[in-house]
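Participant: Right, I'll just put the structure down here and ask away after.
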Amino acid sequence: MKILVDENIPYAHKIFSRLGDVQIIHGRKITAQIVSSYDALIVRSVTNVNQSLLEGSKVRFVGSTTSGIDHIDDHWLEKSGIKFSYAAGCNAIAVVEYVFTALLLLSQRYGFHLRDKTVGIIGVGNIGRLLYQRLNAFGVPTLLCDPPQAEISTIGEWQLLEKLVTEADVLTLHTPLTYHGRHATWHLINEDLLSALPSTKRILINTCRGAVVDNVALLHALKKGKLLSVILDVWEKEPNLSLSLLNNVDIGTAHIAGYSLEGKVRGAIKIFNDYSKFLGAIQSLNVSAFLPAPMIEYVRWHGVINEEELRKLAYLIYDLQFDDILLRRNIHKPHGFDQLRTNYCERREWSSLSVGTDNNISTNMLNQLGFKSILI
């Protein structure tokens with residue numbers, strides 16, 4: 001089997017070479033001519049997989065190591081008899097910890113307490129649901145908005161978007177990008193909705209897809225003095241994002257919210273397992289076999305873990321401000337945005353840190369937040 005794999009998938013050769021001959025390539029450089037002779041294609045979100053890319057090729061299996069599939073024409077793949085697999089939820093932990101770290105950063109910067117703010121979660125799939133659980137574990141009030149989920153789920157009280165934006169202090173977006181239908185999300189956050197935000201300061205976080213927010217309308221609102229702190233990990237027209245918008249947001253990063261090492265390996269192994277099943281050569285790999293020891297493995301903490309202590313623990317693992325600085329320094333360089341993603345550090349998840357505490361309440365809370373905590 002010949003397998004073409006995006007170079008941003010960690011351990012790609014080590015993982016997929018068990019199933020065939022592997023060729024590594026930049027995801028944006030995959031063309032119909034290049035892919036035509038391969039049996040399988042393994043991609044991330046920067047590669048649009050559709051009829052124009054694959055028609056007439058030998059490809060019989062497509063895997064995306066991402067949780068979203070708006071870059072995949074899965075209907076055409078099914079019609080063409082091409083097996084498709086993706087890694088739903090593989091990066092949920094990473095995105096949730098990015099958002100939590102962002103909130104801890106802003107609470108420090110602007111002098112508020114998270115438990116005094118209400119977080120509106122827009123989109124309650126794998127990521128939104130996990131964020132809801134972790135915020136609740138820390139005692140942060142939440143509101144939920146997801147019309148499709150509201151019809152089938154009972155995890156909480158559901159709000160209409162128009163009501164949520166007037167009541168929540170924080171709006172964090174976790175929807176897929178869809179252009180059609182009753183619940184289309186393209187430009188979900190638009191000029192009208194931004195105008196409807198209360199005059200008191202609000203926070204907007206987008207880690208799903210850039211076009212869920214109308215970037216032009218957002219920039220216009222910020223330039224007009226809208227009291228809005230903005231954290232953007234995703235942008236319209238990536239990698240050619242609006243420099244004016246970047247200059248007006250609190251934190252900007254290069255579409256790396258889901259880029260934990262655990263999340264990327266989790267996604268790759270999900271596709272590996274599915275492809276091996278497709279080939280009838282059943283093999284199974286575990287994430288832990290590919291993870292190196294973290295830089296900091298264990299800390300001891302005395303007493304109750306409050307917001308300041310949680311912030312210190314989160315900062316031990318991930319420095320969000322550094323990613324913001326890197327984007328601002330490199331965005332003017334040729335291919336700067338993509339280079340940041342290609343050469344991204346081995347960011348770890350909170351579960352990589354063991355925390356010994358002498359307080360049972362702290363131990364339980366830290367475990368609910370994703371750390372490994374033991375009572376000592």
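In case you wondered, yes, glycine gets a Cβ from its N, Cα and C as well.
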Participant: Looking at the NAD(+) binding annotation from Swiss-Prot, with Asp146, Thr175, Gly258 already listed, which candidate in Asp116, Asp192, Asp233, Asp274 is the matching residue?
Facilitator: Asp233
Participant: Within 8 Å of the Cβ centroid of the substrate site residues Ser45, Thr66, Tyr259, which other residues of the same chain have their Cβ?
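Facilitator: Nearby residues not in the site list: Asn8, Arg44, Thr65, Ser67, Gly68, Asn91, His255, Gly258, Lys264, Gly267.
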Participant: Of Asp146, Glu238, Gly258, which recorded positions come within 10 Å of Thr66 (substrate binding site), going by C-alpha to C-alpha distance?
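Facilitator: The recorded positions passing the 10 Å Cα test are Gly258.
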Participant: At the Cα level, what's the spacing in Å between His255 (active site, proton donor) and Glu238 (active site), rounded?
Facilitator: 9
